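Visitor: Before I ask anything, here is the structure I am working with.
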Amino acid sequence: MGLAILLLIVIFLQAIFNGYQDWSSSAVMKSINSMLPSTAIVIRDGKTQTVPLYSLVIGDLIVLKLGTKVPADVRIIHQVDLKFDKSVLTGENKPVSASIDMTDDIYLESRNIGLMGTLITNGEGLGLVVATGDRTVMGKIAKLSSNTQQESSILQKEITKFVIIITGLAITTSAITLIIWATWLRVYYPSFINLSGALINAIGVLVAYVPEGLPIAVTLTLTLVARKMAKQKVLVKNLTVVETLGCVNVIASDKTGTLTQNRMFVDKVHIGNESYDQEKSLQAKNSESLGFCQLVSVGRLCNAASFDPKTADLSIDERIILGDGTDSAVLRFVTKYSIDDSEVDKYIKIAEIPFNSKNKWMLRVMKPKDNNNIYNTNRHIVLVKGAPDVLLGNCTRILDPDGTERPLDDKARQSLIDKQTEWSGTGTRVILLCRRVITNESEIPSDTSDLDALGQLSYNLTVIGLMGILDPPRPEILEVIRTCRGAGIRIFMVTGDYSLTAASIAKQVGIFTDSDNTIHTITDLGQLSDKLEIVEHQISTTTESPKKAKSLLLTGTDVSTLSDKQWDVVITYDEIVFARTTPEQKLRIVQEFQNRDSIVGVTGDGVNDAPALKAANIGIAMGGGSEVAIEAADMVLLDNNFSSVVVALESGRLVFDNLKKVILYLLPAGSWSELIPVLVNVFLGVPLPLSTFLMISICVLTDMLPSIALMYEKAEKDVLTRPPRNPKKSTLVDWKLLVHAYLFLGMIEAFFSHVMYFRYMQQYGGFSASDLLLAYDKWTDGYKNYTQDQLNEFMYTGQCVLFVSLVVMQACGNVFATRTRYLSLFQHLPIKQRSKNYYIFAAQVGSILLACFIIYTPGINESLNTRPIPVEFWFFPLVFAVTIVIVDEIRKFFVRHRSPPCFYKLAW
């Protein structure tokens with residue numbers, strides 16, 4: 001009855017703890033989710049302003065911009081190529097074009113309704129709020145789907161697999177003990193074990209096999225790591241993806257805003273044959289150079305960014321700009337050097353094609369109110385701003401600094417190409433600004449929402465000039481990339497920028513370390529794929545390999561044409577930059593690496609990064625990035641600090657390491673050393689060396705405190721210098737860990753604890769080993785002239801001796817042995833700052849005190865048959881604990897030196 005009550009108490013306490021952990025984990029996630037931005041851009045009283053989402057009301061006019069989520073259900077009243085991703089509601093990934101007219105009687109289907117939570121993947125527009133919060137479609141669905149279960153993560157699957165294996169072994173062994181009792185012991189030794197004793201033994205086997213503390217350990221470890229990462233401003237949306245970080249071996253990173261600071265500024269401009277730095281630009285402004293004035297006019301009018309009116313009183317450099325990085329840089333430059341709002345008021349916007357990552361240009365059609373403007377015309381003007389390598393083929397004329405136009409001949413065209421190449425080689429983003437005065441008004445399409453027709457206006461353009469935009473690399477990025485390389489992780493750049501610009505930035509941040517003449521391109525891939533034999537994604541040849549470089553530069557066009565054989569070569573490069581890529585090409589890059597057994601992490605902050613972020617094994621978004629990117633990512637760097645990636649990677653590896661340590665700590669005594677006494681009892685006839693109650697006490701009481709302390713272990717020195725984990729080859733619980741837990745630590749503890757049991761029986765009862773072995777039903781009244789009560793007293797005390805031996809060896813020996821995998825204990829002392837863990841000492845004291853409580857409390861003595869033990873049996877196990885540490889230190893020494901090889905191959 002006492003045992004049954006104890007089991008019920010254990011189940012009840014674990015249920016309470018798991019419930020508390022679920023609540024605690026939920027509270028942690030809610031608190032760190034609240035750190036994400038939750039604002040909307042509205043027009044109130046004629047002013048554009050940013051307001052919290054909770055302040056939105058029906059009738060508010062919302063500005064809908066590329067890269068954001070719709071903050072409420074809205075009625076579209078204006079749109080320019082506006083498209084929504086409604087997959088969060090409908091499951092359909094194809095973007096849906098918006099309309100200002102009702103297209104369906106069904107609210108959910110009509111394209112003039114923008115639904116809360118859907119993502120804006122293209123264009124821009126305005127919408128009137130018609131529903132907020134729980135009254136939106138998203139809010140109603142959220143109520144219905146609150147109990148939806150998520151798919152199990154890799155970690156959850158591994159733990160489930162381990163539990164199934166252990167449960168199968170436990171049930172099988174338990175069944176075998178019952179069969180042995182029924183077919184042999186009950187027949188030949190009928191008075192040795194009765195039915196209730198056989199059932200208790202079977203329960204003891206079940207208890208011995210199952211590490212009851214594992215569920216608590218997993219939940220608590222993940223929660224602790226999530227809290228640690230939250231303090232470092234890293235938001236993990238789902239706790240179980242943390243461990244996936246430990247497996248990442250490739251990181252595909254966007255450039256702008258991720259590797260760079262996303263603090264763009266125009267560094268220089270070029271008009272005709274003249275280049276202007278900051279000082280010369282100021283002189284051009286003062287002299288009212290016509291060419292310079294037209295350049296800044298195009299930069300201002302063909303621009304989707306705007307100043308936040310709340311910061312209107314600040315200087316131009318300090319004012320907040322609402323818009324993307326490139327437009328913001330251009331807007332700040334043109335405002336500083338010439339154009340103000342009075343110039344903008346001279347024009348009416350007729351139509352627009354917003355910038356997107358496919359076209360790589362933006363177009364606006366403007367109608368001057370009169371002839372009093374920089375262009376001296378009242379005709380429609382087409383203004384275009386975008387990538388030179390895309391737009392230059394559409395240009396036929398060029399503007400000189402004095403305002404005169406001339407044909408764009410081959411020499412002038414090549415001069416612009418050379419200037420782009422020169423600037424791009426220093427990491428400068430180059431944009432081309434063009435204009436066209438429409439002489440035939442019939443060319444303006446009657447339907448200005450017809451983007452294909454509008455696109456026909458982007459020809460016969462006049463080049464106004466070039467702008468060179470700098471975006472400084474993040475100061476921490478060099479060290480981050482160096483650390484990742486040391487951790488066996490390759491970092492690639494995947495960007496929409498021009499290839500030379502991307503390559504230059506790659507050198508500045510440390511992604512490219514080869515010189516220019518050793519960076520391979522698509523041409524080299526063709527030669528290599530013909531000559532090299534690919535064996536398990538590694539290059540091998542019978543002769544010297546022609547692959548001399550470790551760096552590769554590819555464009556989006558190259559990505560679209562690569563064959564499977566060429567992709568096999570691509571993944572062998574250590575340093576890769578993918579330039580001029582579209583979202584579809586970024587997605588393909590991720591998938592190609594995943595298809596070749598890479599665990600891919602993707603970092604980004606823009607709309608064009610979202611597909612890749614979602615497809616990656618783990619997507620990492622910047623906190624200052626677009627809502628689309630944040631929505632698609634698994635993890636968000638709230639402080640926009642790329643060095644937080646290192647924190648995340650370390651945390652991912654630490655979770656896996658600490659869980660292995662906890663399991664390794666729990667198995668020797670909480671499983672193997674508890675199983676042996678039952679087997680010794682059943683098969684060798686020895687009076688039961690360890691009671692079921694004491695087995696349970698070890699699992700859920702004395703072992704629990706040190707296992708919790710191990711969850712607080714800090715990362716070992718080599719955590720970021722060893723290769724990433726391969727989830728197919730290195731699982732949470734593999735045969736190496738089981739061999740180490742059962743046949744190494746478990747056998748040592750089982751042997752020494754039984755030595756103590758036999759020593760006590762011999763010293764205090766006069767029973768030799770031969771008296772105890774095969775005793776079976778001889779252990780009864782009159783054996784060795786003892787009464788049954790006296791024999792029981794010896795057995796109960798002997799059981800407590802074995803119990804104390806296991807507790808001491810676990811708390812004072814095994815806990816130190818399992819703190820490190822390969823490093824010496826003296827390289828990872830719990831009192832050193834980097835490896836400090838004072839919880840270990842508190843857990844040791846707590847574990848010993850619990851053991852004392854169990855064997856010295858009178859009520860427990862009487863009801864659950866525990867007994868005080870002679871004092872010397874507290875000290876012998878200390879010697880055995882030190883022995884465990886010494887033996888394991890010797891093992892680790894051989895593992896570190898890989899000699900003999902068998903020690904290294906068996907290392908967990």
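Glycine is treated like the rest: Cβ placed from N, Cα and C.
TrEMBL labels come from automatic prediction, so no person has curated them.
Since this is a predicted model, take the numbers as computed values, not measurements.
Per TrEMBL, the features are:
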SIGNAL    1-15  signal peptide
DOMAIN    35-144  domain 'P-type ATPase A'
TRANSMEM  162-182  transmembrane segment
TRANSMEM  202-225  transmembrane segment
TRANSMEM  662-684  transmembrane segment
DOMAIN    687-894  domain 'Cation-transporting P-type ATPase C-terminal'
TRANSMEM  690-712  transmembrane segment
TRANSMEM  733-757  transmembrane segment
TRANSMEM  794-817  transmembrane segment
TRANSMEM  838-857  transmembrane segment
TRANSMEM  869-887  transmembrane segment
Visitor: Examine the transmembrane segment (869-887) against the transmembrane segment (733-757) and state whether at least 3 Cβ pairs sit under 8 A, considering only residue pairs 6 or more apart.
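Guide: Judged by the Cβ rule, the two regions touch, with the required three close pairs present.
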Visitor: Helix, strand, coil: count each for the residues of the domain 'P-type ATPase A' (35-144), based on DSSP.
Guide: 18 helix, 48 strand, 44 coil
Visitor: Could you check whether the transmembrane segment (202-225) and the transmembrane segment (690-712) come into contact, where contact means at least 3 Cβ pairs under 8 Å with the two residues of each pair 6 or more apart in sequence?
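Guide: Yes, since the transmembrane segment (202-225) and the transmembrane segment (690-712) share at least 3 Cβ pairs closer than 8 Å, they count as touching.
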Visitor: Is it true that the transmembrane segment (690-712) and the transmembrane segment (838-857) have 3 or more Cβ pairs under 8 Å, skipping pairs fewer than 6 apart in sequence?
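Guide: Result for the transmembrane segment (690-712) with the transmembrane segment (838-857) is yes.
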Visitor: Restricting to CB pairs under 8 Å, which listed stretch, 162-182, 662-684, 794-817, 838-857, is in contact most with the transmembrane segment (733-757)?
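Guide: Most contacts with the transmembrane segment (733-757): 662-684.
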Visitor: Check the domain 'P-type ATPase A' (35-144) for me and report the mean pLDDT.
Guide: 82
